[in-house]
Amino acid sequence: MHIVSKRALVLMNFSAFFSGMVFYAPVATLYRQARGLDLAQIALIEAICLSLTMALEIPWGYIADRIGHRLTLVLSFFLLFVSKIVFFNAYSFPVFVFERILLALANSAASGVDTAYLARFDSRQETYGIYHSFQFAGLVMVACIFPFFKDVFASSAFWTIVTNALAFVCIMLLPRERPQENGLPQKEAVPLLAILIKVLKDWHFLIFVGSVSLLFSVNQIVTVFLVQVRYKQVGLGDSFFGYPFLALVIVSFLASLVSAKITKFLGRGNALSFFFALAVLGLFMLTLKSGFLLVLLGALLLRFGASGVVPLVLSIEARQAEGKQSATILSIYALVSELIELVLTVILGILADKNLQLSLLVAGGFVFLGLVALHPKRRFPFIA
């Protein structure tokens, strides 16, 4: 591999590692409450952040293809760094809203663009597996270091500023893309509507994106939110919640690392089916009236399946979106995924309020639907 490519990959991996070290994550809700926000206000600022992220997803991708992926990443990580400073100094609702607006700008700018930038140097599944494993490695460090903070709120917010500053430095040191790989000149730029029509015409690939988004969305909703209620149901004390969280992060890290090896052994189509099947099995186990260990095993299987499929999907999407509109196309795929997550969050959240087991069962049904939609595989030559 060329030395410039190695430099780009190493710096991207370390930027993922440092930006993943959000030390206040375990107490994010408590931190905001301590600064004067109530739960309704917290929910509102999250809704603002998600809505703005989705609204800016495609425009940022289009801009990135015009000004270059590296410059877009520099802007994104700078905004992310500034948002952490604002968060550290926030004591009122308007300031927290401003912080989430900055975060939405940063997230929507980086979404799809990091994948497109990596693809310029190496679009193999192993590359995306290592990239995502570094993100989870940052979370592992958070889980290990967090218990040693004395002033939890101030220390966690301050050190998150430091790690995001390091991530920004890594992005600043990224090698520049060659001119022919940068955004299109103004006179050659393809209209955004033309790109949208092109993506919508490829309905087989949209089915693929929708199917894997069902798995990603269910994993996010269940392993981050609903499983905590399930832990309480089986008698786990609040003081022990950190242990299953750490186990899930470690499993995500390992799944990202071995994803390419599993795919090489089984083949793309069979590997996708394997990861989906693990997730469905995990969700079924979560619905059973059982003890903590079986519930934890179910959550681990779901997380392994979802995390293992990420590098494979990113590799397929990057190859599908090759060309000078790659960031725009990848941003469209990301928007589809976010819309599906938004719908599933509402559905599963309403069901969970009434019956948690039913909500988990329906979640398993959605993942199974995604698995079925990807068959027969001959309709999807890009995963053969």
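Including glycine, each Cβ sits where the backbone N, Cα and C put it.
Some features that TrEMBL has for this protein:
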DOMAIN    5-384  domain 'Major facilitator superfamily (MFS) profile'
TRANSMEM  7-27  transmembrane segment
TRANSMEM  39-59  transmembrane segment
TRANSMEM  71-91  transmembrane segment
TRANSMEM  155-174  transmembrane segment
TRANSMEM  205-228  transmembrane segment
TRANSMEM  240-258  transmembrane segment
TRANSMEM  265-286  transmembrane segment
TRANSMEM  292-316  transmembrane segment
TRANSMEM  328-350  transmembrane segment
TRANSMEM  356-374  transmembrane segment
Check your understanding: Which stretch, 39-59, 71-91, 205-228, 356-374, tops the Cβ pairs under 8 Å count with the transmembrane segment (292-316)?
Key -> 205-228
**Study point:** Residues from the same chain, set at least six apart from the ends of the transmembrane segment (71-91), whose C-beta lies under 8 A from its own
**Key:** 15, 19, 24, 35-36, 60, 63-64, 98-99, 102-103, 105-107, 109-110, 113-114, 117, 157-158, 160-161, 164-165, 167-168, 171-172, 174, 327
Point to revise | Local confidence of the domain 'Major facilitator superfamily (MFS) profile' (5-384) - pLDDT mean | key: 88
